[in-house]
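Some notes on the structure that comes next.
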Amino acid sequence: MSTRERTWWIVAGIGIILYALFPIAWIVSLSFKSASDISNGQFLPTVFTWENYALILTGDASELFLPALLNSFGICLIATALSCLLAMFAAYAIARLDFPGKRIILSTALAVAIFPVISIVTPLFNLWRQIGLYDTWPGLIIPYLSLTLPISIWTMSAFFREIPWEMEQAAQVDGATTWQAFRKVIVPLAAPGVFTTAIIAFFLAWNDFVYGISLTSTSAARPVPAALGLFSGASQFEDPTGGIAAAAVVVTIPVIVLVLFFQRRIVAGLTNGAVKG
Amino acid sequence: MTTTVPPGVGSSVEQPAARPTGLSDRIRAERRLGWMLAGPAFAVMLLVTAYPIFQAVYDSLFSYRLTDPGNRSFVGLHNYWVVLTDALWWQAFGVTAFITIVTVAVELVLGFALALVMLKALKGLRPILRAAILLPYAIITVVSAFAWQFAFDLTSGFVNSWFAWLPGISADTDWFGQTGTSLLVICLAEIWKTTPFISLLLLAGLAQVPDVLQEAAQVDGATWWQRMRKVTIPNMKAAIMVALLFRTLDAFRVFDSVFIMTAGANGTETVSFLAYRQTIARLEIGLGSAVSVLLFLSVVLIAFGFIKGFKVDLSQARGEK
C-alpha cells in the first residue's frame, strides 16, 4: 500500500470514529454544563460541574431516576436470562436433532422480529390492566421476550451449528458418560455463543421504549428510557436538559463497557446468522 | 473481520453429516425430543405476538373506549373506515414512508462506505473502528434522540452558532418549529443510530466476495468502479437485500425519536405514534387497535414485497431488530 493510500485510509478511519463518537461526546459535554452554561451555544462547558449528576443520583430527581435504573437492570437481566434459556433448548434441538418443523420455528422467530411492537402494545395495555400485570415487572418481562427471544434463537442456532457434535460421541467412545461428554465437550464449546447472544439480547431489552412508556405508570416498573422520555425536571420551572444529559450518560455506561470488552464477539454474533443462516 | 465464513456454507435445515439411520421409533423419539426442547420457545413466541395481534383484530371491530367501557358495541369494520378516511392517518403514513425511504437510502450508501473503509482499514485501526461503530448501534434510541434534539435546540444547542455561516441558518433558527426541519433532524438521528447495523451486515457480505474474482477482474483491466459494479455488488446481493429488508421494516416502525423530539407536533406524527396516541393517551381501544392492525398489515406487505420482488433468501436472514 502506498503512503498516499495509507494516509487516505487513516483519514477515513478517523472520520468513522468522529461520526460514531461525536453525538456521544456532545451529550457527555452537556451533562457537565452548569445551568447557566446550558444555553451558551457552545459544544463545551465553560465551567465543569458535577451538579447534574448530583441532581439525578442524590438530588431531587434521584427518586425518579434510581428506581428506574433498578427496574431497567432487573427487568432486562431477567428477560435476557429467560430468553437465553428458552433459546438454548430450541437452538440445541435445531442444530442437533432431526425433526420436522425446524424451518417453521426459524421463520416464526423471523416474523416475530419484524413485528411492529406497537401492534402488540395496544391489546396488552388493555389485558394487563384487567389481569393486574400493568405496571409490574412481569408485565414488562413477558413482552420483552418478543424482542429478545427471536434474536436469541437465530444467533444461538447459528453458533450451535458450528459445534462439531461428533466430538460428543468421540468422548463417549473414550469412556465418558453421556452427561460427562456433554458437560466436558459441548458446554465449553457452546458457552461463547450463549454469552454473545445474551449481550445482544440485553442491548435490545435495554433499548426498549414503547413497552416501557405504555405498560407502566409509576416508578414500580418504569424502565430508564421511559423515565427519561417522561422526565419533566425536578420542578416545572427548571429546565431538565442537564439532568437528562447526565441520566443519558449513566445509562450509556453499561453499553460502552459491554462494547469495549466484547466487541469482537458482538460483531460475530450480529453478522453470524446473517451470512450463515 | 471475525466472520471467517467460506461462501455458501450452511442452510437453515442442513443436517449433521453423521446421522444415525436407525429404527423408526428412534426417529420418532428424536422428533419428540426436538419439539419438547424447541416447543417452549415456539409457544412463548406465539403467545407474545400471535395472541396480541388476534386480540387487536378483535378489539378493532368494536367501538370501545376505556373512559366509557359501558358503551362497548360491535361496529364491524367501521373503525377501519374511520381511520382510512381520516387525513390524519394518511399524513402519518406519508411521514412514516418519507422517513423510511430517506433514512434507508442514505444508510445504504453511508453504510457501504463505512464497510469499505473498515474492510480496507489497517490492522491496528480495525478493532478501534469496530468498537466505535458498535456504539451507536448499542446506545439507547432515546439517548440518541435527546443528543440530537439538544444539539439543534434553540436554547441548549450549538448547531445554530456553529453553522451560522450557512445561508438560512441563524442564531434563532427553530429546527423544531416546522415539519421539514423537524423531519430532517429526526432522520439524522435515525441515520446515525442505525447505519452501523447496515454497515456491519454489508461488511460481512463484502468479506464473502471471493478475492479470486476481484483479482481476475483487475488483471483484465477493470477499473475500481467497474469491479465494484460487476463483481463486488452482484456477489453480495443477498447481504444487501437482508440489510435493506430489516432496516426498512425497522424504519417503518419509527417511534422513539419522534416521541422525544417533537411528540408528533408540526405534522411529524408517524403511524406508530398515531397508534400509541389513540390507545395509550386517548384510551380509544377500538380505533387504536384498528391503527395497530393497519400498521401490522403494512409491515407484512413490505416484507412480502421484498421477499417476492427482490427474491430475498430468508434462510440467509436472521432475526435482528
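Glycine residues also receive a Cβ, built from the backbone N, Cα and C atoms like all the rest.
As annotated by TrEMBL, domain 'ABC transmembrane type-1' applies to A:69-262. Residues or ranges marked as transmembrane segment in TrEMBL: A:7-28, A:68-92, A:104-128, A:140-160, A:185-206, A:242-262.
Against the transmembrane segment (A:104-128), the recorded stretches A:140-160, A:185-206, A:242-262 differ in Cβ pairs under 8 Å, and the greatest number is found for A:140-160.
Cβ atoms under 8 Å from those of the transmembrane segment (A:140-160) belong to residues 75-76, 78-80, 82-84, 86-88, 90-92, 94-96, 105-106, 109-110, 112-113, 115, 117, 120-121, 124, 133, 190, 192-194, 196-198, 200-202, 204-205, 208, 211-212, 215-216, 221, 223, 269-270, 272-273, 276-277 of the same chain, restricted to positions at least 6 beyond its ends. A Cβ distance under 8 Å defines the sequence-distant neighbours of the transmembrane segment (A:7-28), meaning residues of its chain 6+ beyond its ends; these are 1, 43, 245, 248-249, 252. Nonlocal intrachain contacts for the transmembrane segment (A:68-92), taken as residues 6+ away from its ends with a CB within less than 8 angstroms of a stretch CB, comprise 105, 137, 140-141, 144-145, 147-149, 152-153, 156-157, 159-160, 190, 194, 197-198, 201-202, 205-206, 219-228, 250-251.
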